[in-house]
Amino acid sequence: VTLKSGASPEELENAKKKVQEQGGKITNEFTLIKGFTAEFPEDKVNALETNDHITVEADSEVKTQ
């Protein structure tokens with residue numbers, strides 16, 4: 001979960017709170033970017049995806065060239 005450009009830091013805190021309210025667990029918080037990773041019930045992800053201030057991405061493998 002990452003904060004979109006122009007969103008306030010409060011929006012990130014709201015997203016973290018929403019994760020916990022919906023039964024999720026924050027697993028890592030980032031300092032270089034405004035974001036975090038979380039384990040989240042799949043059937044509850046839409047609760048975050050409707051937030052206009054954050055981007056939600058599924059976990060995936062990242063490779064460099």
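Easy rule for this one: first residue shown is 1, then count along the chain.
Quick reminder: no glycine exception, Cβ is built from N, Cα and C everywhere.
Keep in mind it's a predicted model, so treat the numbers as computed, not measured.
Taken from TrEMBL as is:
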DOMAIN    14-65  domain 'Inhibitor I9'
REGION    1-23  region 'Disordered'
Need one number: mean pLDDT over the domain 'Inhibitor I9' (14-65).
86
Structural state census, the domain 'Inhibitor I9' (14-65) (DSSP three-state):
15 helix, 12 strand, 25 coil
